[in-house]
Amino acid sequence: GTVALAGVLLVMGWPSGANFLGCLLVLLSTVVVAIWVRWSKIWMQSLSVNAFTALTTVPGTVMLIPFALFMTNDWQVNFSTQGAAALLYLGVGCSLGAGWLWNMGMRSIPANAGGMFLALEPIFGVIFAVALLYEPLGATTLAGIGLVVLPVLVISILPVLQARRLPEAC
């Protein structure tokens, strides 16, 4: 976990003009997610994946409504095919689909392994930034990617290696 955190910090860097409070809030959100991953494992044992996904997605959406109402500056809506596709992608793909897939996976792996996979999020951000936005990729970022990917590979491969070493029962 510590190696992956060091990698994430290298990938993130310290952008010029970055606000310390903003960076601290992002770090705090990571702590909250880590607590959530541990807590959710307990609830997943007694609920189906569909029920657990619904019980986490629907209340989360409802709790965000006051923030959306408060933070909306312009209530004018210009409907477009691109906007509808983006809304569908974000609502169904990112919120519901990704949450359901995450919950399916978390049923079969330990919470600490799931937490390690969360460290891959900024790596995918970098990959998409390079591929879609043609962002430059520096040595520090590459080193950070290595520090994040290495522990994830270790926790993924180690159980397989350990299973091979165990003697077969007679």
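Cβ coordinates come from backbone N, Cα and C, glycine included.
Feature annotations, reproduced from TrEMBL:
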| type | residues | note |
| --- | --- | --- |
| TRANSMEM | 18-37 | transmembrane segment |
| DOMAIN | 21-156 | domain 'EamA' |
| TRANSMEM | 49-71 | transmembrane segment |
| TRANSMEM | 83-102 | transmembrane segment |
| TRANSMEM | 114-134 | transmembrane segment |
| TRANSMEM | 140-161 | transmembrane segment |
Per-region confidence, the domain 'EamA' (21-156) (mean pLDDT, whole number): 87
Helix, strand and coil residues within the domain 'EamA' (21-156) as assigned by DSSP: 112 helix, 0 strand, 24 coil
Recorded stretch that, among 18-37, 49-71, 140-161, has the most CB pairs under 8 Å to the transmembrane segment (83-102): 49-71
Within-chain partners of the transmembrane segment (49-71) [C-beta distance under 8 Å, separation at least 6 from its ends]: 40, 43, 95-96, 99-100, 103-104, 107
